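**Q** The structure under discussion is supplied below as structure tokens; questions concerning it will follow.
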Amino acid sequence: MSTVNVQIGLHELLNGSNAQIQLSVPQLVEKVLMRNEGKLTSTGAVSASTGKYTGRSPKDKFIVKEASVADKIAWGAVNQPISEEHFNKLYTKVLEYLKEKEELFVFKGFAGADRNYRLPIQVINEYAWHNLFVHQLFIRPTEEELTTHESGFTIVSAPNFKADPAVDGTNSEAFIMVSFEKRIVLIGGTEYAGEMKKSIFSIMNFLLPEQDILSMHCSANVGEEGDVALFFGLSGTGKTTLSADPNRKLIGDDEHGWSDNGVFNIEGGCYAKCVNLSHEKEPQIFDAIKFGSVLENVIINNQTRIADYNDTTLTENTRAAYPMHAIDNIVLPSVAGHPNTIIFLTADASGVLPPISKLSKEQAMYHFLSGYTSKLAGTERGVTSPQATFSTCFGSPFLPLDASRYAEMLGEKIEKHDAKVFLVNTGWTGGEYGVGKRMNLGYTRAMIQAALSGELAKTETAKHDIFGLEVPLHVPGVPDEVLMPEQTWADKAAYKAKAIELANEFKENFKKFESVSEDIINLGGPIA
């Protein structure tokens, strides 16, 4: 199937009598309720369930193996290839399926808040609530922009269309396929709305580096003086909590680009975790869940329609989608200057990494490629053992290119713009999980404040004898003994053994980066 035929098929779909294009938020909310796709909550948000798929389905994600991209993609478990033939046949079937639907919902908008680098996108949805979701998550066009909007990428989403693995070359009924030549994302068999968000992020992770822009899985904020900070970190490291600062304005909570102009948000909204959400803990997120926002897999009281954020019956991965303007203290448009400070967050359950350390350029590249944190294993028979988790560039499921490409760009930009990089451990202190305790949040905030203010630039440091990290000896508001992790352990020999164990896990994980320069390994990694 040629690109021309693909476009003809799309044109027919978009011009069919069932296509509802660019409905407003109130119109979409009405459609969701009339079609019985979701419920209205007590705060006016729409609540929907995603069925059996309550999270991303990485084994069902494919990139079409096309001549123009075949030698650029880092093929493997993350970027699984699928043939053009399989894609073309499935695409034709999905289009025929959607043509028969009573209604289709179309959103046209953008990915990328910097107008110089934004990608015009359109999303064709089987579900009204999915269309409301993308309306809130991506960047909404003005009426004037809509008149000249020409899509550079189209998502075609048909959650009720199930693939046949024997015929379609998929691994299950669900599929998320990206064709870079045809500029199409094809999604079916899963109702999880996050697949649409992350598909566009994966695409931007391919397109932006081609324009010498580093795409990043991080949150970003800006201070009153215009100083920009980036926060990288995997789930559970405190990224959302620590980047929500009343004294700083939020640029974005999840996906950013770093160009020669500075930093920009890729999205126009937030996709926040809701598990155990309360007004006390996360007032910004709690208050953003209002009319037009979308709740995903959150249990709602049938009578009062009040959301119960502590109920994880459906999943722990409960989510809220809302536009940036639903929260106070933001930058609009979501663009800012070059980062002054970069924070890598890790929740080290082995309790051996310092609570804060300064990183050289090589160490920054090493820890960026490592993307380390801990996940806690199950607590069967009362035994808990933390498991080291490494997610390349703090976002391995979304990186189509070789990881070294992103790391090299980060190194170049750190050097060019003199960004200061810190590794912050929000995990355990005084012993590993089960012995020590979680790092005091107040101390972590004080350390980050000292990093952002420039205070740590002039603070005396000591080199960690196992990880080679420069550890500040004094931070205002933090007891000195907390800064050196070994000092917090009663058993110093046990600390050393545990630290060497983690250092070896870093080294073992790093063996997969064959194309990385020796400098990053020799100057960036553990020294013992």
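Each Cβ is built from the backbone N, Cα and C atoms, and glycine gets one as well.
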**Q** Can you match one of T92, T392, T429, T444 to the ATP site that Swiss-Prot gives for K198, H217, G233, L234, S235, G236, T237, G238, K239, T240, T241, E282, R319?
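**A** That ATP site, as Swiss-Prot gives it, pairs K198, H217, G233, L234, S235, G236, T237, G238, K239, T240, T241, E282, R319 with T444.
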**Q** Looking at the substrate binding annotation from Swiss-Prot, with Y192, K198, R319 already listed, which candidate in R56, R445 is the matching residue?
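**A** So, going by the record in Swiss-Prot, that would be R56.
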**Q** With Cβ-Cβ distance below 8 Å and at least 6 positions apart along the chain, what are the contacts of D254 (Mn(2+) binding site)? List them in sequence order.
**A** H217, C218, S219, E267, C270, Y271
**Q** Rounded to a whole angstrom, what is the C-alpha distance between R319 (substrate binding site) and G233 (ATP binding site)?
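**A** Per the Cα atoms, R319 (substrate binding site) and G233 (ATP binding site) stand 18 Å apart.
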**Q** Which residues in the same chain, at least 6 apart in sequence, have a Cβ under 8 Å from the Cβ of Y192 (substrate binding site)?
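**A** Looking at Cβ-Cβ distances below 8 Å from Y192 (substrate binding site), excluding near sequence neighbours, one finds T50, Y53, T54, G55, R56, S57, E296.
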**Q** Between the binding-site residues S235, T237, T241, whose Cβ has more other Cβ atoms within 10 Å than any of the rest?
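**A** The residue with the most neighbouring Cβ atoms within 10 Å is T237.
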**Q** Determine the C-alpha span of the substrate site listed in the record, that is the greatest distance between any two of R56, Y192, K198, R319, in Å to the nearest whole number.
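**A** Max Cα-Cα spread across the substrate binders: 14 Å.
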